[in-house]
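Summarising the annotation, Swiss-Prot assigns domain 'Helicase ATP-binding' to 224-391. As annotated by Swiss-Prot, ATP binding site applies to 237, 238, 239, 240, 241, 242, 243, 244. If you look up Swiss-Prot, you'll see 333-336 marked as motif 'DEAH box'. According to Swiss-Prot, the feature Zn(2+) 1 binding site maps to 454, 457, 495, 498. Taken from Swiss-Prot, the feature Zn(2+) 2 binding site covers 463, 466, 481, 484. Taken from Swiss-Prot, the feature domain 'Helicase C-terminal' applies to 490-658, supported by sequence analysis.
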């Protein structure tokens, strides 16, 4: 339907359109839709296509002589309340993102383009792993593509999606269908394989008696809930101190008052344990929302939440934008976690800070929980902006864990060679295996070897598309770029630098090699490895965690994915193999993130009646961050870190705005960044320091070169207006894109 005379309509609507547009557009309201209200999701025409938008305002006049009509209501039946509309505009202004792009956060259950739903399938092995390996040995020579499919299926703990399997194995559907005809695998509807309710109970809840500090925190939160006034509480509790029990009781109190709750967790994987605990307490009132759900599941959850039939919602950052009826409580668990920050595309929002703003707009109580609070949150608590509650002791059955620091410089001298496991660590692992207790090993690098070079000229192999060293993954026998996930089709036969015959020299280690070494030292050991290689497919993370929690393995090896919020009662030893690795990164948050990571990993040990022990290997044993982490002394760490932040004018004493410019030509990208930078020099006041243009830490990603500069300011929105003006004046080349990251988690990468 084309443009119509505006006089045809009695009512007009200002619509926020789900497109890259930073303003509302006027549309005519047909007579049959005159009942629609502010916040209603509608279908409209834009540039010849159908889009979804949300009505911002109904009015009786328009400045347009001709106008497009609203086509109809969106199938999602979503209506955004006033507080979410206000939040949408605030996010757009604060995080420097077009209204249309920001709107997509609030409508995750539907596409901005109206498309037909598609069926999703999973691929399941019909044979045992042993039998499949026999079949693989016969097939991989005669039918390499079928062999590639079976290798992927054997590698993962749960059935992958059909499209994911095709992409990972780099095959069409043909070899998969051939294997299906041979009776080796099945292709089934994903709905048949959804995680059943009874599988969620492998983390059994136990009734808890509150200790005095917990009771004090509960009293403060209950007081906020009863007054229906906005307050933000920082629940600062050491690992294992009973923060989850406080979440449960606060949620129960909110329900008694007829209020709903949103509980945010950093990653999807953590929803399994959390949902288990909450469903055991609240039953069908609990819902889950995350981006891996189907569109129909997301639409159903949003509708139930907005109608009030679903009163508790658990999920990662995307769950924050659900239109809950009578929202009274927002909980952000592990509030310090970097996963709460959106970094891939605008708006680059931080879910913790947006949660606080949503609480303010909805007159709700906000609870931020962490054993290692961000410096920003702790500073807000000390200043009185947040209500502070401390939990300084572990819950009833748990004992304080013993922590030891191992100087790897001395261990290397003793062994006269490079080692990954010190003798004290191997001894402690052997002791746990002897008595049937479990061990957790943290190593924050995946793959087998992290550096591959030419033995002749020592040239290190890098990704041709990125400024990144390639990592060798032994199981798949590939060199992989961890930035763009590309890999050479075959291992190189000649060196690109000296042109000689390529004999590869392998250095460095990842979780895959750690697992292999452990199996060589302890032949009977049962291991589970959790990293982004073993958890690519839907349900794989949950399956591996369930296997470990139910005693199917002795040792859990993993990257930072295993550091967050997991509660394994039989784990009595946590080993951090490379405690200082993050300290070498030239970033103002490096020490904070290392301290948080060590503390969180250490907190996985000794969480029940069995005493726990933590071993930290480090080549920087005298570093103050390592010492504070070893003593679990947050106050000491905060005191030393906050002094440096204030001296150098970094958060929490100032706001940072990171301006990133990206283009295929490095010279042109640098020039365009400088053009904007020079305009801002003239516009910004001396109270807003402007840092020079520099290459990003990851200078080249996917054949795109990246430059950046930083702006420091006490107030973001006024600077954003000047930045917008500078970008308009600069008239950037269409070949150079930009992204604005307000309150960045890193100023390096």
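Glycine too: its Cβ is placed from the backbone N, Cα and C atoms.
Geometry remark: residue 484 (Zn(2+) 2 binding site) versus residue 495 (Zn(2+) 1 binding site), CA distance 22 Å. Cα of residue 241 (ATP binding site) to Cα of residue 481 (Zn(2+) 2 binding site): a span of 40 Å. Shown in sequence order, 371, 394, 599, 600, 602, 603, 604, 607 are the residues of the chain, 6+ apart in sequence, with a C-beta less than 8 angstroms from the C-beta of residue 239 (ATP binding site). Secondary structure from DSSP puts residue 244 (ATP binding site) in a helix.
Closest by Cα distance to residue 240 (ATP binding site), from the binding-site residues 457, 481, 495, is 481.
According to DSSP, the secondary structure content of the motif 'DEAH box' (333-336) in residues is 0 helix, 1 strand, 3 coil. Among the binding-site residues 457, 463, 466, 481, 498, the residue whose Cα lies closest in space to that of residue 243 (ATP binding site) is 481. When the alpha carbons of residue 244 (ATP binding site) and residue 457 (Zn(2+) 1 binding site) are compared, the span between them is 55 angstrom. In sequence order, 454, 456, 457, 459 are the residues near residue 498 (Zn(2+) 1 binding site), counting only same-chain partners six or more apart with C-beta under 8 A. For residue 457 (Zn(2+) 1 binding site), other Cβ atoms within 10 Å of its Cβ number 11.
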